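First the structure, in the form of structure tokens, and then the observations on it.
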Amino acid sequence: MLVPKAELHLHIEGTLEPELAFALAERNGVALPFASVEELRAAYRFEDLQSFLDLYYRLTDVLRTEQDFADLAEAYLARARAEGVRHAEIFFDPQAHTARGVPFATVIDGLWKALHDSEERHGISTGLILCFLRDLPAESALETLRAAEPYLDRIVAVGLDSAEVGHPPAKFAAVYERARELGLRAVAHAGEEGPAAYVAEALDVLGVERIDHGIRVLEDPALVERLVRERIPLTVCPFSNVRLRVVDRLADHPLRRMLELGLLATVNSDDPAYFGGYIHENFAGVRDALGLTAAELRTLARNSFEAAFLDDDARARYLAEVDAHSF
Ligand code: ADE
Ligand code: ZN
């Protein structure tokens, strides 16, 4: 039986498998710069975050209609169910679509078609996290937040992603302040390629409750102590870190050290279509490469629900499922 878990760091655009990309390209009459699924898959070799983002944004071009977004989310949910996911907080990048002329409403209505009854159909509760692209101006993020206002009942939090270095969190202080006024929770990518100082800035200036990635905090022992003390969750993505060359090999991944230090680390898949596996593969990968114990795996599963934006009853129910699972 698969470990019951929450997925807290998953870009829905990063679940676009080559087969679906080609199917949508054909449905929408979009030309892709690849001759076949195999040729596209062969392009999944990245030097760094930016080289990945270039392909990731290029492929979003096949997503045009509400049905496209619904199909994308539905394919993820079906896969997630088969991987033991019980709760998923899903990032989406509206600016990657509105910049191409796809209306915000098309994106969110399409995703919602798949998500609104996911609990009944797949046994997965969900939340949507609206991410701002940090390499675009803060004004564009504010405009995106305004577009989201009619849909706040479908969105649990805001997040911050895309090219990190040179785009510190403080650039988005006013946007996050407005998001909090609107009742949204807050997370941000920080300390992936960028320095540990961006993690502190995301906490202090943006008021985020959770840090996405955050593995570079290990360079700052005082900050690690603070994160442990304040129980700030880190959504760690092992396969992503290897594929984007943040970590050399899975066997060198600092996840075990993070747990030993008392950090509230979770395991997630980031952009699974691009990085060689979904959340179960990430769990199994670190278990084997790092020799994680049953107790450590149990901690990771518990952490995923501790760190989720769940109400107390749901959290207790999911934690009881973990406690009943034999690792
Ligand atoms: N967008 C999609 N995946 C991302 C990642 N790992 N870091 C920053 N932005 C992203
Ligand atoms: Zn990410």
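Backbone N, Cα and C atoms are what each Cβ position is placed from, and that goes for glycine too.
In TrEMBL, annotation is done automatically, which means it is predicted and not curated.
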From candidates His87, His97, His189, TrEMBL puts in the same Zn(2+) site as His9, His11, Asp270 the residue His189
Among recorded positions Glu192, Asp270, Asp271, close to ligand 2 by Cβ (under 6 Å) are Asp270
Recorded positions Glu192, His213, Asp271 vs His11 (Zn(2+) binding site), shortest C-alpha separation belongs to Asp271
Cβ atoms other than its own within 10 Å of the Cβ of His189 (Zn(2+) binding site), all chains, total 28
If you measure between the CA atoms of His9 (Zn(2+) binding site) and Glu192 (active site, proton donor) and round to the nearest Å, you get 13
Apart from the site residues His9, His11, His189, Asp270, the 8 Å Cβ neighbourhood of the Zn(2+) centroid comprises Leu10, Gly14, Phe91, Asp161, Asp212, His213, Thr235, Cys237, Ser240, Asn268, Asp271
